[in-house]
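Participant: Right, I'll just put the structure down here and ask away after.
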Amino acid sequence: MSSASSINSISPPSPPPSPTMSMASINSDISEQPRKIKVMIIDDNAINLTILSRLLNKHFADTIQLTSVMDSGVSALDQLSKDQVDLILMDIDMPVLSGVQTTTAIRSSDNHDILVQNKNVPIIAVTTSDAAEQRELYRQVGMADCVSKPIALPKLRMAIESAMKTIPALSTG
């Protein structure tokens, strides 16, 4: 190869970025990190809420933003009329409204108070009531999965990952 042909194949350096370019335009080649999913926990037991919150914060910090911790189905329904969530972890055995009743209210087309975006949110039962016929009932009312208490981290991870696959493209905001 002659030195003349190698000189002709060298391209001039590209101009430096304009000082008016935004960071977004500079980083446009870098794939955007997906936003964290917004999770609501519903349980009438403060100890269970604490345990589940800590599990999520410790083991799912990269994917989950704990949005709200509710101590009843009633307070959860109120919150779901105001704030959008991507995933709900729901206790079943609660006073006033059970997890099944709360799920039924969320899924109900008659309940116009719940944000439309929350009507089909994946709901995972987190309960000691996990026999086969109970799990079938949870599916019938619209729950995505069931995780037994005490919570085994691998089972919780599998349930969350499975539910995350059903969440439409997570958009920012």
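Glycine residues also receive a Cβ, built from the backbone N, Cα and C atoms like all the rest.
Caution: TrEMBL annotation is automatic and unverified by curators.
Per TrEMBL, the feature compositional bias 'Low complexity' maps to 1-11. The domain 'Response regulatory' annotation in TrEMBL covers 38-164. Per TrEMBL, 4-aspartylphosphate is recorded for ASP91. Look at TrEMBL and you will find 1-25 tagged as region 'Disordered'.
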Participant: Would you count the other CB atoms within 10 A of the CB of ASP91 (4-aspartylphosphate), including those on all shown protein chains?
Facilitator: 26
Participant: Quick one: average pLDDT across the domain 'Response regulatory' (38-164), no decimals.
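Facilitator: Mean pLDDT, the domain 'Response regulatory' (38-164): 94.
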